[in-house]
Amino acid sequence: MGQQLSWEEAEAAGEMDVAELQEWYKKFVVECPSGTLFMHEFKRFFKVTGNEEASQYVESMFRAFDKNGDNTIDFLEYVAALNLVLRGSLEHKLKWTFKIYDKDRNGCIDRLELLDIVEAIYKLKKACRAELDLEHQGQLLTPEEVVDRIFLLVDENGDGQLSLTEFIEGARRDKWVMKMLQMDINPGCWITQQRRRSAMF
């Protein structure tokens with residue numbers, strides 16, 4: 001009890017090692033000598049200029065990464081966010097995803113907030129058509145149908161809003177809900193492509 005993990009155990013658990021952290025820092029300093037990353041730079045790194053759907057998704061990601069709400073991402077916020085997205089536990093990813101959906105930061109997700117993100121994710125996934133085809137052989141639901149079904153399965157008190165507890169428990173309880181939410185938790189094809197194209201990553 002209370003023992004610290006060795007580097008090998010930390011790596012096995014999916015945590016970053018010092019060499020990886022140093023590499024990320026070097027890239028961050030080269031791209032952001034001021035020590036902060038602004039929205040327009042964040043979009044540039046993800047190659048979303050001129051792509052409205054991707055831009056909307058990346059703006060939501062930026063707001064979730066910007067923990068202190070100062071409209072910039074510093075190195076610690078950047079590392080924490082990327083480590084979470086790429087390696088975090090399911091519960092941590094769900095909490096982070098909830099923040100992306102909760103645009104007005106009122107602690108609940110309404111239908112419009114959920115629909116906005118689901119629509120953006122659907123459009124992003126079209127860039128990874130092979131992934132969509134593999135995931136959704138057969139009938140593909142519309143974003144509106146996805147939102148209706150999620151609310152039917154997850155909104156336990158029927159108030160038209162999803163609390164963090166409803167969001168997490170609903171995802172854990174229902175495999176379909178989890179799969180739909182994982183479209184945001186881990187947009188694997190898209191985020192991997194963007195990381196490879198970007199000098200930042």
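Every residue, even glycine, has its Cβ placed from backbone N, Cα and C.
Features reported for this protein in Swiss-Prot:
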type	residues	note
LIPID	Gly2	N-myristoyl glycine
DOMAIN	14-31	domain 'EF-hand 1'
DOMAIN	34-52	domain 'EF-hand 2'
DOMAIN	53-88	domain 'EF-hand 3'
BINDING	Asp66, Asn68, Asp70, Thr72, Glu77	Ca(2+) 1 binding site
DOMAIN	89-124	domain 'EF-hand 4'
BINDING	Asp102, Asp104, Asn106, Cys108, Glu113	Ca(2+) 2 binding site
DOMAIN	142-177	domain 'EF-hand 5'
BINDING	Asp155, Asn157, Asp159, Gln161, Glu166	Ca(2+) 3 binding site
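Features as recorded by Swiss-Prot, highlighted on the structure.
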| residue | record | Cβ contacts under 8 Å, 6 or more apart |
| --- | --- | --- |
| Asp66 | Ca(2+) 1 binding site | Thr72, Ile73, Glu77 |
| Asp102 | Ca(2+) 2 binding site | Cys108, Ile109, Glu113 |
| Asn106 | Ca(2+) 2 binding site | none |
| Asp155 | Ca(2+) 3 binding site | Gln161, Leu162, Glu166 |
| Asp159 | Ca(2+) 3 binding site | none |
CB-centroid shell, 8 A cutoff, Ca(2+) 2 site Asp102, Asp104, Asn106, Cys108, Glu113, site residues removed: Tyr101, Lys103, Arg105, Gly107, Ile109, Asp110, Gln161
DSSP-derived helix, strand and coil totals, residue by residue, for the domain 'EF-hand 4' (89-124): 26 helix, 3 strand, 7 coil
Residues close to Ca(2+) 1 site centre defined by Asp66, Asn68, Asp70, Thr72, Glu77, Cβ within 8 Å: Thr36, Phe65, Lys67, Gly69, Asn71, Ile73, Asp74
Additional residues surrounding Ca(2+) 3, by Cβ distance to the Asp155, Asn157, Asp159, Gln161, Glu166 centre under 8 Å: Cys108, Val154, Glu156, Gly158, Gly160, Leu162, Ser163
Nearest of the binding-site residues (Asn68, Asp70, Asp104) to Asn157 (Ca(2+) 3 binding site) - Cα to Cα: Asp104
Confidence summary for the domain 'EF-hand 2' (34-52), mean pLDDT rounded: 79
The domain 'EF-hand 5' (142-177) - residue tally per DSSP class, helix then strand then coil: 25 helix, 3 strand, 8 coil
Residues of the domain 'EF-hand 3' (53-88) by DSSP state, where helix covers H, G and I: 26 helix, 2 strand, 8 coil
